[in-house]
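Engineer: The structure that follows is given in the form of structure tokens.
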Amino acid sequence: MTVSKMTWRPQYRSSKFRHVFGKAATKENCFDGVPITRSVQDNSFCAINPRFLAVITECAGGGAFLVLSVHHTGKVDPQQPRVSGHRGNVLDIKWNPFNDCCIASCSEDATVKVWEIPPHGVYKNITVPWKELQGHSRRVGLIEWHPTANNILFSTAYDYQIMIWNLDCPEPVIKNPVRTISHHPDVVLSMSFNTDGSLLATACKDRKVRLMESRSGTLLRESSCKTHRASKVLILGNTKMLLTSGTSRYNDRQIALWDQDDLSAPLLEDNLDGSSGVIFPFYDPDTHMLYLAGKGDGNIRYYEISTEKPYIHFLTEYRSQLPQKGLGVMPKRGLDVSSCEIFRFYKLVTIKSLIEPLSMIVPRRSESYQEDLYPMTAGNRPALTAEEWLGGMDKGPLLMSLKPGSQIAESFSDMKAVGNSLENSLDTRRSQGRPCMLQLAYIQDQLEAKESKEDSSHTVDDRIQTPVTNGEDATLCSPPRTENELRLKFHKQQEEIRRLRELLNQRDVRIKQLELEIKNIKNSQSQSSL
């Protein structure tokens, strides 16, 4: 008699993110006393980058928003200068992903304005924008920057139009968009790009999801499902899937997962609860984690996404007593990798006039850099110019490493270009006589030339800059008379220290690269002599 063995399968799924937890900042590391807007628009109302935090504020007579340094936490001055050039309430703000000092805003006055923020912060009210975009006939509710092309901005308004703007033109007031997309019979509630920005997904007030080419506006697919009414849409990186949040036919809050190539019916529908607040979805393509935060909720659920059934794997949730009105997300290049931080929210808590940073952390015993948590991620340099993108080119984002000491915003393509140029120059010399000695001599000549150039530049700088002025005008070295002047000098010093550290790290990486080249050439030289 044969005995059949039972196969045991574990009921849990192995994942490095099973124990991710949320860590709220202490009171002194929050932004207190912020007059957060009371607008009922279903937007995030704030935008974050590694340098600044911008938040839409409540004000009388027009619209305004605050721009604060992310390191300037604590009590916010009630008289803090603002960016206040709109004639109506500001509805949405977004930082340029390739310029930390450039931010776009849209308003009820039917305009989109692009602002240049001083590198050291806002110390007086800014009322004149860098660019003003006039094309919509009704209030503009949503804006999005293109993820890989420089100075390409999308806007949508209550005139049911999506407009594409090219900011590279010299005129300060732009009245004609590059293209207008008119596929929607009602207000567009959400927009999302894929990784290279070639596709645009939208959720409309008619509760349908549409997928179109972002450049031409050609409609590719449209959902026809009646069991799910979408309000927010998100393209999940390169997984060829879309996620929408909305409500079911019984008004339960619901998320749905869609195949990018077939929007006739969702792959998966999951009811969350019976609350009424809009669900904001956030996706991290590096860790394949999905975060769901409801407007007016205190909790944030997080999941892991896979390309195989059941597609969505619930991990756990962060709970808090403070309800959020909106949430901003710090880009990956602004995270604290030394504490294994993989995501950071900025919660807007209206009832306490508070902005609370919330870090999502993977618990690890080691304090060293965890390479499995931080793959190469999208950097802060554009892959395309506006003209190249408008001419028909599509390109993925330029990637950068988050490892401390690596060159900031250095991409794979840049490394390949440097390597190819070095290899071509070496190949040219290789054909002339003794190969290895010429390669070695060439690299050593490059090193010596670079060192001599740096020494000469340092001597010239030393002659120009005296210790008293520290490279500045003598008039600027007088003691600060006001608190604003003192703060300005402090931020200047911090910026200079940060710049010098980055420069030092870049030179260290370059030295290591050249030392590795010399070592490889010496090894090849010894092998050829044998």
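Backbone N, Cα and C define each Cβ position, glycine as well.
The annotation repeat 'WD' is assigned in TrEMBL to 83-117, 133-175, 181-222. Feature annotation from TrEMBL assigns compositional bias 'Basic and acidic residues' to 448-464. As annotated by TrEMBL, region 'Disordered' applies to 448-479. TrEMBL lists 483-524 with the feature coiled coil.
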Engineer: State the mean pLDDT for the repeat 'WD' (83-117).
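Structural biologist: Residues in the repeat 'WD' (83-117) carry a mean pLDDT of 95 in this prediction.
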Engineer: Below 8 angstroms Cβ to Cβ, which residues of this chain, lying six or more residues outside the repeat 'WD' (181-222), approach it?
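Structural biologist: Those are 42, 141-142, 144, 146-149, 154, 156, 158, 160-164, 228-235, 237-238, 242, 244, 246, 258, 260-263, 285, 383, 389-390, 392, 394-397, in sequence order.
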Engineer: Can you break down the repeat 'WD' (133-175) into helix, strand and coil residue counts using DSSP?
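Structural biologist: Grouping H, G, I as helix and E, B as strand yields 0 helix, 22 strand, 21 coil.
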Engineer: Treating G and I as helix alongside H, and B as strand alongside E, what does DSSP give for the repeat 'WD' (83-117) in helix, strand and coil?
Structural biologist: 0 helix, 22 strand, 13 coil
